[in-house]
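Here's the structure, in structure tokens; my notes come after.
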Amino acid sequence: MNLNMQMKPKALGRISTKGLTQEEIQDIKFMKAAITQARKAYVLGEVPIGCVIVYEGKIIGRGYNRRNTDKTTLAHAEITAIKRAGKVIGDWRLEGCKLYVTLEPCQMCAGAIVQARIPEVIMAAENPKAGCAGSVLDILNNPGFNHQVQVKRGVLKDECAKMLKEFFVELRARNKAEKELKSSQGLDEN
Ligand SMILES: [Zn+2]
């Protein structure tokens, strides 16, 4: 295995929109845009998570996971997209916006979504170990907060889950090859 080789996500298969409503077709279109963001993370060797924020039918914020690249846990896809969208709207309140994300948001991002007053989140894959749209906690829809978020689940979830799975398979193979290379170099030196 060439260790300098870039990690490469597989292309999305054809997605049929036959018999779907206009809204469902729009959701697929914007989730595909979020997947395009996730693929940027994949290429960097980052867990592939992507996000876009849509206002009046247009994307106004994009983001992808850059946690290792930027050396900060704040570099999650949703946080970056929220920052960008706020600049475009000219307000920290993102009322009237829809947020599309390839994986169920964590506690930090779900908190930011509530704080930004985003009315609707459309998500793909669920995250049973860290998701805060109902998996571990339900931050997005907690009656105790002053804002609740409408959540739509499962849009292109198979595609997003598959991409995550392939990423971890590739990452494990890469880590194993690196380890083997290091130990063989260690033997050469002796
Ligand atoms: Zn997050």
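Every residue gets a Cβ built from N, Cα and C, even glycine.
Pulled from TrEMBL:
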DOMAIN    25-137  domain 'CMP/dCMP-type deaminase'
BINDING   His76, Cys106, Cys109  Zn(2+) binding site
ACT_SITE  Glu78  active site, proton donor
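TrEMBL feature annotations superimposed on the structure.
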| residue | record | CB count, 10 Å |
| --- | --- | --- |
| His76 | Zn(2+) binding site | 25 |
| Glu78 | active site, proton donor | 29 |
| Cys106 | Zn(2+) binding site | 23 |
| Cys109 | Zn(2+) binding site | 28 |
Cα separation, Glu78 (active site, proton donor) to Cys106 (Zn(2+) binding site) (Å, whole number):
10
Identify all same-chain residues not among His76, Cys106, Cys109 whose C-beta atom falls within 8 angstroms of the centroid of the Zn(2+) site's C-beta atoms; report them in sequence order.
Ala77, Glu78, Ile79, Pro105, Gln107, Met108, Ala110, Ala112
In DSSP terms, helix, strand or coil for His76 (Zn(2+) binding site)?
coil
Can you give the mean pLDDT for the domain 'CMP/dCMP-type deaminase' (25-137), rounded to a whole number?
98
